[in-house]
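The structure under discussion appears below in the form of structure tokens.
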Amino acid sequence: MSEPRQILVTSALPYANGSIHLGHMLEYIQTDMWVRFQKLRGNQCIYVCADDAHGSAIMLRAEKEGITPEQLIANVQAEHSSDFADFLVDFDNFHSTHSEENRELSSLIYSRLRDAGHIATRSVTQYFDPEKGMFLADRFIKGTCPKCAAEDQYGDNCEKCGATYAPTELKNPKSAISGATPVLRDSQHFFFKLPDFQAMLQQWTRSGTLQDAVANKLAEWLDSGLQEWDISRDAPYFGFEIPGEPGKYFYVWLDAPIGYMASFKNLCARRPELDFDAFWNKDSKAELYHFIGKDIVNFHALFWPAMLEGAGLRKPTAVNVHGYLTVNGAKMSKSRGTFIKARTYLDHLQPEYLRYYYAAKLGRGVDDLDLNLEDFVQKVNSDLVGKVVNIASRCAGFIHKGNDGVMVAGDAAPELTEAFLAAAPGIAEAYEARDFGRAMREIMALADRANAWIADKAPWSLAKQEGKQDEVQAICAQGINLFRQLMIFLKPVLPVLAADAEAFLNVAPLTWSDHLSRLENHKLNPFKPLMSRIEPARVEAMIAASKEDLLAAEGQAQAPVGNGELAKDPLSAEIEFDTFAAVDLRVALIVKAEAVPGADKLLQLTLDIGDEQRNVFSGIKSAYPDPSRLEGRLTMMVANLKPRKMRFGVSEGMVMAAGPGGEEIYLLSPDSGAKPGQRIK
């Protein structure tokens, strides 16, 4: 038998500035299932995480709430820890980046990089808020877009037209913190010489450490040449001061990944059998895996391995990247009630429902995962209650009534037993590859076979016949053994259901190797219902509660008269009819919709308006993260708008949408029956 593997696993650090939502939970559930599988197989697998507790946003929120940053992050950590525990995410340690371990390790890694010549210094010019006495990050500057003149836009990009620009290009800039007009000032900053590691990163990113799609994306950065990375921020800033540089602080993204090491070091101090150096030294034989979302790939697959290499430490075995979560085919929306906090979900539904649904839909790629709430109800009820738990509930009563709860010996269906044994390696392989969806499909296929076999044997009918009691007991004992096999396979996903099943089965905690054995002449405990169906009304109540969360956050129970959309966005000045008539509005069919490479907000739409097609760029990507879902839909467009040349091509019109922007954008559609090219009047 091979030696148990030594594995250290991390999930991305949640920011200590807000609540956990179901989009976050996708990653932690994915990681937890993989860790539980490794432990079930007998491997030493350590799972650590921490709150990401530094940065200007935390400093400013604490100031707004009238508490210290330390108090804020302690409050948030308590909330996060409770949410994770109740979702059955079983960290070996959940720490904080605001810790002595992280301070020491950040200083150590920085000092090694500096001494090796990988740190540069130079002056940079930035906007400075004279009232707050602080330099402003791009997102803390607002003004008028230099391209389309839209007001109240951020300092790095326009949410209306999708343009990107430098903060110094913004017209009429204002501090989003104080409202003051910022001034330009120079400051010395510290830079990590990422280009020093170009060759290493080109090799490492193609060495099997990343999914192909991720490696291909990073190749674009590598091929265009890496840039030095600004790793410093000026006081006031909540974080760690750079050694020997008063008033200069590490940028949050320098010490955040080091927080993985710090959390593990904190754990090592409490578990003497763990050796920190054995996991982090350059020649470490242990495995190291990071689970992250695709929005932070650059930090984990370029900056982080380069920092580790420069500091003489080991690099990750692999970085496993997942996509975003959508709900009902669209980006999570506060107004629609689909921006669901972890606690709001837990107030209404069992955590294992969502764990199973995520598992059933998670592949090993980076595609987005859609939580379709109607499908969620149907799938959980059908698979877990209707298939898996149904086997135990069908068989247990006959064993208790007919044989005092004792399972008879013998194998009533050798071909089924063999099929379950033969499926185990493939299921294990799918778990190992993080292809949870394939694992669930194979497990449910086995459940279908077991249910079909029991239905064919119909022990409920045999029990009514004279002299058939031995056959009934053999059938039901086989059914319980098959149920036990399924619970072993599902244990990484459904730990509470597995524990309840173990109590019913009257067995010690199941391990993966237990699938090779059977229960014979074995006494069962009385059967209790193991899982109830999801009631659609509870999902509806969760959505309603999520909308109430939004209202509470905005400090309002209901939107009073005079505080509706017109109050937020007053009517424009009156125009003459002829002015309106000059605008040619047409029905348009969206033939093709796709993201624009290099543009965070834009989608490129190909529109059919009857006798011709138009190319239109629209800043609606934030509300429609899966643009393919727009294809085949009718919308409305301004057809006689003068074509406008943009950085990505020529836009030949404008589609009509409502909403304040960001994720709250709603593309307008005509009633059914309208045809492409018809005038809107």
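Numbering starts at 1 and runs along the chain as it is shown here.
Here the Cβ of each residue, glycine as well, is placed from N, Cα and C on the backbone.
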Per Swiss-Prot record, range annotated motif ''KMSKS' region' [choices 96-100, 171-175, 331-335, 361-365]: 331-335
Annotated stretch (motif ''HIGH' region', per Swiss-Prot) among the listed ranges 14-24, 102-112, 509-519, 553-563: 14-24
Sparsest-packed of the listed binding-site residues (C145, C148, C158) - C-beta count within 10 angstroms: C148
CB contacts for C161 (Zn(2+) binding site) [other CB atoms within 10 A, all chains]: 20
Zn(2+) site shell beyond C145, C148, C158, C161, criterion: Cβ within 8 Å of Cβ centroid: P146, K147, A149, A150, Q153, E159, K160, G162, A163
In three-state DSSP terms, the structure that C148 (Zn(2+) binding site) belongs to: coil
Remote residues contacting the motif ''HIGH' region' (14-24) - C-beta distance under 8 A, at least 6 residues beyond either end: 49, 51-53, 55, 57-58, 61, 72-73, 76-77, 79-80, 83-84, 96, 324-325, 327, 332, 339-343, 345, 354, 371
Chain-internal residues, separated by at least six, CB under 8 A from K334 (ATP binding site): S546, K547, D549, L550, E663, E664
